[in-house]
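S.K.: There's a structure below that I have some questions on.
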Amino acid sequence: MKTYYEQDANVGLLQGKTVAVIGYGSQGHAQAQNLRDSGVEVVVGVRPGKSFEVAKADGFKVMSVSEAVRTAQVVQMLLPDEQQAHVYKAEVEENLREGQMLLFSHGFNIHFGQINPPSYVDVAMVAPKSPGHLVRRVFQEGNGVPALVAVHQDATGTALHVALAYAKGVGCTRAGVIETTFQEETETDLFGEQAVLCGGVTALVKAGFETLTEGGYRPEIAYFECLHELKLIVDLMYEGGLTNMRHSISDTAEFGDYVTGSRIVTDETKKEMKRVLTEIQQGEFAKKWILENQAGRPTYNAMKKAEQNHQLEKVGEELREMMSWIHAPKELVKK
């Protein structure tokens, strides 16, 4: 595994160049501000609206996506996956010129062929492994978050060096930047989200909650046992792995972990995980998601509404009112 650190990258390669950050959401605002603090000239390309005004208030030169691409030597695409292909076709593609670098923080659109850059530009990825607010906060504290780096197309012969310079400007070389490929990053990222981090965990939490409430236990107690305390366990794993978590819990809980976990996540579960991975590898999920967006997201919206109305959500909202230390966001935002 090749990992790059501060001494392996030269942010000076970006001096005299302009970086265009396309999109000013969670990653956009974090990466743009970190780059600026590292002495890099940054412009923000967004359409008129809330993000435009926020970027302007943050002191950036804000312009249309087309103008930003024409202005910059490095173009970082930080729009949501489902918006990138349309914006690329409409405002980016015709404004690209020889020797520019097209950057991404997720490989979805390149790997699944939704964006096909011309052969005369570099195409690379710098993917911080943290949500934007942490990318920014940790940088301001003098540290950095780990990242992945990949080169899809090296037209200039310097793509990796420029990508590492960008990673250093964002602060990621302070922690370490691991070399990967667009394929590996995309497929593992989607699998982790679907089978473990999002799909797997939410299904497990709901199933546990429903099992207890259907067994006659009060919803409030079920919420505490199946969702609220999850953060305590995940924090222990985050800090020191499974061994640290098991060292920190009671022996009763640890024994229950060993004898029961494999009854819940069974061999059949793992077989289904492999089927999910195959669907991702073969592009079936990507096709499904692309078609869903083209159709106006009917399935997505229906499932989202149903999930928001689950009893677990209603109970949780009431219980969190008792917890003054939890600062629930007034407005839900994409991290």
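Cβ atoms here come from the backbone N, Cα and C positions, even for glycine.
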S.K.: Considering the NADP(+) binding residues TYR24, GLY25, SER26, GLN27, ARG47, SER51, ASP81, GLU82, GLN83, GLN84 given in Swiss-Prot, which of GLY99, GLY107, GLY113, GLY132 is annotated for that site as well?
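M.R.: Between GLY99, GLY107, GLY113, GLY132, Swiss-Prot records just one in the NADP(+) site with TYR24, GLY25, SER26, GLN27, ARG47, SER51, ASP81, GLU82, GLN83, GLN84, namely GLY132.
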S.K.: State, in Å as a whole number, the widest CA to CA span among the NADP(+)-binding residues TYR24, GLY25, SER26, GLN27, ARG47, SER51, ASP81, GLU82, GLN83, GLN84, GLY132 given in the record.
M.R.: 20
S.K.: Please identify which of ARG47, HIS106 has the densest Cβ environment, defined as other Cβ atoms within 10 Å, among these recorded positions.
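M.R.: Answer by Cβ density within 10 Å: HIS106.
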S.K.: Pull out the binding-site residues from the set GLN83, GLY132, ASP189, GLU225 whose C-alpha sits within 10 Å of the C-alpha of HIS106 (active site).
M.R.: ASP189
S.K.: Please spell out the DSSP helix, strand and coil residue counts for the domain 'KARI C-terminal knotted' (181-326).
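M.R.: Per-class counts: 122 helix, 0 strand, 24 coil.
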